Amino acid sequence: MAILDVLSFPDERLRTVAKPVEEVNDEIKQLVSDMFETMKDENGIGLAATQVNRHVQVVVMDVSEDQNEPRVFINPEITRKDGSTISEEGCLSVPGNYAKVERAEAITVKALDQNGEAFELDAEGLLAICIQHELDHLKGKLFIDYLSPLKRQRIRKKLEKEARLAAKA
């Protein structure tokens, strides 16, 4: 297992659209394992392969309080959206920034698990929000894309400044 580097906005690689996984093989299983380790190391609840510069449709998450309900979504697709909710979101690729985002309140998602078995899941609340957030990453979209251009620009400038300061240190 390995901890992978998480890309940070405004890195253009975060805008790459992920390709479907052709076969759930040992390489994909290793990626899933590494992504879980990376997510836990970063204290996250979800991670898309795009965020670790692997452009395949793989998402891992665990929204449980005890971090003991790991979920894997390979080639995920949302087949139903119901209702609307607004909640504050953050992202490992946009560190230290949070904003209110409107999402569907309840969803149904179909995907493959880490063994390549198909499943369908009805989700609501935090799980539904997290799934939608992570699936956006697979399309090259970030939660800040839902914000006004002015707010997005402020976040970009702040993160660019932090990166410059870190590079000097």
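Including glycine, each Cβ sits where the backbone N, Cα and C put it.
For Cys91, His133, His137, the entry in Swiss-Prot reads Fe cation binding site. Residues or ranges marked as active site in Swiss-Prot: Glu134.
Positions of Swiss-Prot features highlighted on the structure.
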| residue | record | CB count, 10 Å |
| --- | --- | --- |
| Cys91 | Fe cation binding site | 26 |
| His133 | Fe cation binding site | 23 |
| Glu134 | active site | 23 |
| His137 | Fe cation binding site | 26 |
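A helical conformation is recorded for His133 (Fe cation binding site) in the three-state DSSP classification. When the alpha carbons of Glu134 (active site) and Cys91 (Fe cation binding site) are compared, the span between them is 9 angstrom. Shown in sequence order, Gly46, Ala48, Gln51, Glu89, Leu92, Ser93, Glu134, Asp136, Leu142, Phe143 are the same-chain residues outside Cys91, His133, His137 whose Cβ sits within 8 Å of the Cβ centre of the Fe cation site.
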